Amino acid sequence: MKIIETVSEMQHFSESLRIAEKRLGVVPTMGALHDGHLSLVKLALKHADVAIMTIFVNPLQFGPSEDFAKYPRTFERDAMLAEKAGVSCIFAPTPETLYPSGFQTHVTVDEITQGFEGELRPGHFRGVTTVVAKLFNITKPHVAVFGEKDAQQLAAIRKMQKDLNFDVEIVPAPIVRETDGLAKSSRNIYLNPAERKQAVVLNESLEIAKSAIQHGERNVKTLLEVLNRHIQSAPLAEPDYIAIVDAESFQPVQEELLAEETYLVLLTVRFGSTRLLDNCRIEL
């Protein structure tokens, strides 16, 4: 497995693989790998001949009060896991490499990023779409795999890819869960034992909402009340937002769920200083 740190070497490596008619799949990460990330590699290798992983803790997507400095950095462990999963190359640039002195160009997706994470974390999605655009240009992939857990991020990247005509297929990867249903996340390590035990309330709430919809409930207000009530049953849980949105536009649905439409149920809940995101897709 190659480890590349410079833009020119990464571009040259990808170009040589393309000349050899290899299909390239990229898996962008911030490191601190877990089974969810490794499932992205597995999916990439179903769509491509070669898996490239990027490991970059992106300063542009962290707000001033967020955990950039303490975000876990475990590169040696990550490299070992990536190689075992079948990654052929890791691109691991420094912030100075991607954002040299004088850098001033950013990529912004407007409407999709306005609410929810975009409202609570100003500038976050501008940082995400900027770095992803750069990584597409540097790694030159045919396909790029992103997890469905970060649903608003996935929607923003899909919109960017479409609007800016990136010749990259965006492949969504299903959420990977612990045995008790908690969505795998690099931030789960911040939970203390009591918080970790109660964190299952997110997936439980989604399952309750799915069941209600399967049994005919279509009123959004009623569904949100069901979700909120179950989350509040966990004493340590503090909801940031609970919503049902159109899966493509990410616009909130206010009244009734309609037949032949696709929705996302979104949850973001705080346990102490740790924010956990989860969602489920509803196709009617």
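Placed from the backbone N, Cα and C atoms, the Cβ positions cover glycine too.
Not measured: the values here are computed from a predicted model.
According to Swiss-Prot, the active site, proton donor annotation covers HIS37. The ATP binding site annotation in Swiss-Prot covers 30-37, 147-150, VAL176, 184-187 and rests on sequence analysis. What Swiss-Prot records for GLN61, GLN153 is (R)-pantoate binding site, and it gives sequence analysis as the kind of evidence. Among the features that Swiss-Prot reports, beta-alanine binding site is placed at GLN61, with the record citing sequence analysis.
Long-range neighbours of VAL176 (ATP binding site) (same chain, six or more residues apart, CB within less than 8 Å of its CB): HIS34, ASP35, GLY36, SER39, GLY147, ALA183, LYS184. Rounded to a whole number, the distance between the Cα atoms of SER186 (ATP binding site) and GLN153 ((R)-pantoate binding site) is 16 Å. A C-beta separation below 8 Å, combined with a sequence spacing of at least six in one chain, links GLN61 ((R)-pantoate binding site) to GLY123, HIS124, PHE125, GLY127, VAL128, VAL131. All protein chains considered, the CB of GLN153 ((R)-pantoate binding site) has 23 other CB atoms within 10 Å.
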